[in-house]
Amino acid sequence: MGKEYFLKVALREAKRAFEKGEVPVGAIIVKEGEIISKAHNSVEELKDPTAHAEMLAIKEACRRLNTKYLEGCELYVTLEPCIMCSYALVLSRIEKVIFSALDKKHGGVVSVFNILDEPTLNHRVKWEYYPLEEASELLSEFFKKLRNNII
């Protein structure tokens, strides 16, 4: 099981968010090849602006592993993490994040800011952009429907 497999699992989570009228972002956390947690955006459902897929996946992984640090774990997410989520990755000490679409408005990894490579922080998170057209298409479809008041 490689990057593409795990990103497709995250994409299934993003589709669940889409079906609920949430911004379609899905995330999973993997440790030693095992999926530890899965989540999708739940901001609308939970009425919580911090209920991003990454934040929920981090919380669940910490709970399951009974730790506040996710050393040796990787996050696979369908959209570049925002600034809040990027800093949460630093705080969680996760090893690496792999994302499949860029976020030109709110990206906290490479598109707008680069939190993960900030030299003044105590932890560096490796990152990789691994494009999956299906992730970008799902986001485009969602925002098109939102603009046309279909969602």
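One is the number of the first residue shown, and numbering goes on along the chain from there.
Using N, Cα and C of the backbone, Cβ positions are placed for all residues, glycine too.
Features of the protein shown, as given by Swiss-Prot:
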- 1-111: domain 'CMP/dCMP-type deaminase' (DOMAIN)
- HIS52, CYS82, CYS85: Zn(2+) binding site (BINDING)
- GLU54: active site, proton donor (ACT_SITE)
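For the Zn(2+) site, the Cβ centre of HIS52, CYS82, CYS85 serves as reference, and the other residues of the chain with Cβ at most 8 Å from it are ALA53, GLU54, MET55, PRO81, ILE83, MET84, SER86, ALA88, HIS106, GLY108. Burial estimate for the binding-site residues (CYS82, CYS85): highest at CYS85, by number of other CB atoms within 10 Å. Between the CA atoms of CYS85 (Zn(2+) binding site) and GLU54 (active site, proton donor) there is a gap of 6 Å, rounded to the nearest whole number. Cβ environment of GLU54 (active site, proton donor): VAL25, ALA27, ALA39, LEU75, VAL77, PRO81, CYS85, ALA88, LEU89 lie under 8 Å away, each six or more residues apart in the same chain. All protein chains considered, the CB of HIS52 (Zn(2+) binding site) has 26 other CB atoms within 10 Å. DSSP assigns CYS82 (Zn(2+) binding site) to a strand.
Across all of the domain 'CMP/dCMP-type deaminase' (1-111), the predicted model scores a mean pLDDT of 98.
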